[in-house]
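Residues or ranges marked as L-glutamate binding site in TrEMBL: Thr283, Arg288, Asp500. Per TrEMBL, the feature domain 'Ionotropic glutamate receptor L-glutamate and glycine-binding' maps to 210-272. Per TrEMBL, site 'Crucial to convey clamshell closure to channel opening' is recorded for Ile423. The site 'Interaction with the cone snail toxin Con-ikot-ikot' feature in TrEMBL is assigned to Arg450. The transmembrane segment annotation in TrEMBL covers 325-345, 394-416.
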Amino acid sequence: LFQVVETNLVAFDCHWIIINEEINDADVQELVRRSIGRLTIIRQTFPVPQNISQRCFRGNHRISSSLCDPKDPFSQSMEISNLYIYDTVLLLANAFHKKLEDRKWHSMASLTCIRKNSKPWQGGRSMLETIKKGGVNGLTGELEFAENGGNPNVHFEILGTNYGEDLGRGIRKLGCWNPITGLNGSLTDRKLENNMRGVVLRVVTVLEEPFVMVSENVLGKPKKYQGFSIDVLEALATYLGFKYEIYVAPDHKYGSPQDDGSWNGLIGELVFKRADIGISALTITPDRENVVDFTTRYMDYSVGVLLRKAEKTVDMFACLAPFDLSLWACIAGTVLLVGLLVYLLNWLNPPRLQMGSMTSTTLYNSMWFVYGSFVQQGGEVPYTTLATRLMMGAWWLFALIVISSYTANLAAFLTITRIENSIQSLQDLSRQTDIPYGTVLDSAVYEHVRVKGMNPFERDSMYSQMWRMINRSNGSENNVMESTAGIQKVKYGNYAFVWDAAVLEYVAINDADCSFYTVGNTVADRGYGIALQHGSPYRDVFSQR
């Protein structure tokens, strides 16, 4: 059960049914204290005599006071199996006594476990019948056997909490069961009806696209709102029949605990009972659950990152990109050097030109011939000497290798889109330090990263790395006061904004310049819910809807 609590499997939308006769009152209270979801417990109960003087007497048998007194610490720590062992020994003793009184005892003198030819005890079946016909009033109550071998005096009680029961709220008895009358009580939830007509609720919110947005703002008239959370609220109002008045939290914050223990923002409006309901992109967190009530989640929540897309520029010299500048300089120097060598070889050993040829072996012509062969365009000067042909053969082989490498690199450069930004997940964001990132100061995201990052037993080092960046200069360097400020900081600067994934995706899709992209965590570890005053009578009604 402790592992269930530690792995957050007792949230608002969970219902645990525990069937365990060994669970005692202390265990029940601990379960209710640690769990926040619905809890149903089925356990065995034993009748306690109302007369205190008769509690330790069962017929002609007297029981130790440490066992029969329900307030005794030793009695409270006794397991059910130990109570049955005690009554079993008592039942056997009564059966033995009955057989001796009736003088129907079968001797066990001939029994031995050493000799293989030992005959079985002849009183076994008779003894079993005596036990079945007998009975005893022990620690577990009346212990006897029906025809089918079962005990007809077994009693069970069914305990349960209401849906979304908060910490330490207590537990109530839902019903009881016994083999004769069956179930006595009701385990059926009350049917939800439109029973809130005429009720006017005061709703506090925080503007957060796409959950809550102002749709109409006419001077002198109440503002009209729209968004995903407003649609949920409107559907509840239509179904249940209530009306509502909505206003924005004065400080435009969701709320966080202050130094004096009070809360500000939306949560503070509920704590001080200035509002009945709080709705926006409000996540269910343990700290908030301690001061307000939440409905069951109506949407999963995950953390995302908003980043600015790399600007695409047209490069007039993209054709030079496959090779480095130093390599281009070496190629140009090689063309000049080979052209000079060809000229010198032809000057020392002039070739034989055809009659009437107007071509001369000048330095200019040699350079032009080497360049033309490099770009695979041929040449005009016929060099016929052996030295020149050997030189040009080596040059052509070199040119073939260089041109082939350039063509392959150019094709890859032009067809493959290079990813300028390598941040594709929260892990990538935490590993780099070139792009600073942050969130809204004192928000749920801020507290989530802080708790995870400062936990020495947290297995994922991502949160500790993120917390070091977010907590620079005590959080004032990389964090913002509102989500809109974080979005603007991403658009006009080198910055990444960590916030609710649903909000960031809406911002990226609806950006006029299409300058944003988002990455996030696909695992939903929390959810969005509607906050109500602590102990609000509307919590169960809203959750069941």
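Each residue's number is its place along the chain shown, starting with 1.
Each Cβ is built from the backbone N, Cα and C atoms, and glycine gets one as well.
Curation plays no part in TrEMBL annotations; they are all automatic predictions.
If you measure from the Cα atom of Arg288 (L-glutamate binding site) to that of Arg450 (site 'Interaction with the cone snail toxin Con-ikot-ikot'), you get 16 Å.
Cα to Cα, Thr283 (L-glutamate binding site) and Arg450 (site 'Interaction with the cone snail toxin Con-ikot-ikot') are separated by 16 Å.
Summarising the environment of Arg450 (site 'Interaction with the cone snail toxin Con-ikot-ikot'), the number of other Cβ atoms within 10 Å of its Cβ, over all protein chains shown, is 17. Within the same chain, residues at least six positions away from Asp500 (L-glutamate binding site) with a Cβ under 8 Å of its Cβ are Glu208, Ala281, Thr283, Tyr301, Ser302, Val303, Gly304, Val445.
Residues in the domain 'Ionotropic glutamate receptor L-glutamate and glycine-binding' (210-272) partition by DSSP class (helix H, G, I; strand E, B; coil) as 20 helix, 16 strand, 27 coil. Taking the Cβ of Ile423 (site 'Crucial to convey clamshell closure to channel opening') as reference, residues of its chain lying under 8 Å away and at least six apart in sequence are, in sequence order, Val305, Leu307, Leu429, Gln432, Ile435, Ala496, Val519.
Taking all protein chains in view, 22 other C-beta atoms sit within 10 angstroms of the C-beta of Thr283 (L-glutamate binding site). Listed in sequence order, the residues Tyr254, Ala281, Leu282, Ile284, Thr285, Tyr301, Ala444, Val445, Arg526, Tyr528 complete the 8 Å Cβ shell around the L-glutamate site centroid, once Thr283, Arg288, Asp500 themselves are left out.
Along the domain 'Ionotropic glutamate receptor L-glutamate and glycine-binding' (210-272), the predicted structure has mean pLDDT 87. Within 10 Å of the C-beta atom of Arg288 (L-glutamate binding site) sit 26 other C-beta atoms, taking all shown protein chains into account.
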